[in-house]
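Okay, so here's the structure we're looking at.
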Amino acid sequence: MNSEKEDEPLEEIGDSNNVLDLTSYQLHSLDTVELPPNLIELDLTANRLSGLDSRIAQLSTLKKLSLRQNLIDDSAVEPLSHWDALSDLEELVLRDNKLAKVPDVSIFTKLLVYDISFNEITSLEGISKASSTLKELYVSKNEVNKIMEIEHLHNLQILELGSNRLRVMENLENFTKLEELWLGRNRIKVVNLCGLKCIKKISLQSNRLTSMKGFEECVALEELYLSHNGISKMEGLSALVNLRVLDVSNNKLTSVDDIQNLTKLEDLWLNDNQIESLEAITEAVTGSKEKLTTIYLENNPCAKSSDYVAAVRQIFPNVEQIDSNLFA
């Protein structure tokens, strides 16, 4: 089905003279589009482009370029590496295309955001050419099997490598500014965070973890997502006093442990485990009893009784959600 936008006059598109948004115009090329020379942002998301218009090479003021959700392959993106006029580019989005390798972005010496997620990339080889100015790197939903060539990216704040084929957490030592690490849907068995003390959000959902050990030094951690693993014991959490969200659903837990000190905990996901006792949960969450607003416990033995929801509401006076039940 064609987008209604196809019928709109292209010369009227855009928010201003320096922002051009051509999202979802089903364009096969930019032949009918005027590209103002002073563009700062060019958004070509959700079109049918299989190549790059050579006029983009002259946009010397461009800061943001999005080619998300097109048909760009390795040969089509190659000219970018020679377009020196674009050296001030700060954000490059190549998400959801047909890339098989990491493009050469070495000329973008001020790059802050780089997104190559949802492609067919098998290796991070070539990422070493990316500028050390980079703050956000997104490589999710590819086929990468090793964390490599990223040690120089010491300004990284967000690293997204979810839905790949990673087995080992490695080469993270230099990321002293990293705040978010997303590694869900990989094949990781052991947590190795190399003492990332500034990190605030970690996702290791849907991996092969059997232990929670490895987070002890991440004292700034606020959100921890560990669902769909094989964890049988809650441990190594007592020092994580800033934790607000803890998701350990869909594991092999029989009890709730090591969270008594977590006075800031607001969201606790324990559903789909083997937890027997509500009384034990009461004792385990003493520190956050007043703070907790959301708790998931369904599909545990302790959630089978008919008065289970009422009992949980008594334990947590300020709770707003129990499983799918919302309370005003």
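Cβ from N, Cα, C; glycine included.
Going by Swiss-Prot, these are the annotated features:
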REPEAT    13-36  repeat 'LRR 1'
REPEAT    37-59  repeat 'LRR 2'
REPEAT    61-82  repeat 'LRR 3'
REPEAT    86-110  repeat 'LRR 4'
REPEAT    131-153  repeat 'LRR 6'
REPEAT    154-177  repeat 'LRR 7'
REPEAT    179-196  repeat 'LRR 8'
REPEAT    197-221  repeat 'LRR 9'
REPEAT    223-240  repeat 'LRR 10'
REPEAT    241-264  repeat 'LRR 11'
REPEAT    266-287  repeat 'LRR 12'
REPEAT    289-312  repeat 'LRR 13'
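Looking at the repeat 'LRR 9' (197-221) alone, the prediction's average pLDDT is 96.
Panel annotation: around the repeat 'LRR 13' (289-312), residues 249, 263-278, 281-282, 318-325 of the same chain, lying at least six beyond its termini, place a Cβ under 8 Å from a Cβ of the stretch. Beyond the repeat 'LRR 6' (131-153), the same-chain residues lying 6 or more positions past its ends with a Cβ under 8 Å from any Cβ of the stretch are 95, 105-106, 108-125, 159-175, 182.
Broken down with DSSP, the repeat 'LRR 8' (179-196) shows 0 helix, 3 strand, 15 coil. Same-chain residues lying 6 or more positions outside the repeat 'LRR 10' (223-240) and placing a CB less than 8 Å from one of its CB atoms are 184, 200-217, 246-262, 269.
Long-range contacts of the repeat 'LRR 8' (179-196) within its own chain (CB-CB distance under 8 A, at least 6 residues past either end) are made by residues 140, 157-170, 172-173, 202-215, 217-218, 225. Remote same-chain residues near the repeat 'LRR 11' (241-264) are listed as 200, 205, 212, 219-235, 270-277, 280-281, 283-288, 291, 296 (criterion: CB distance under 8 Å, separation of at least six residues from the stretch ends).
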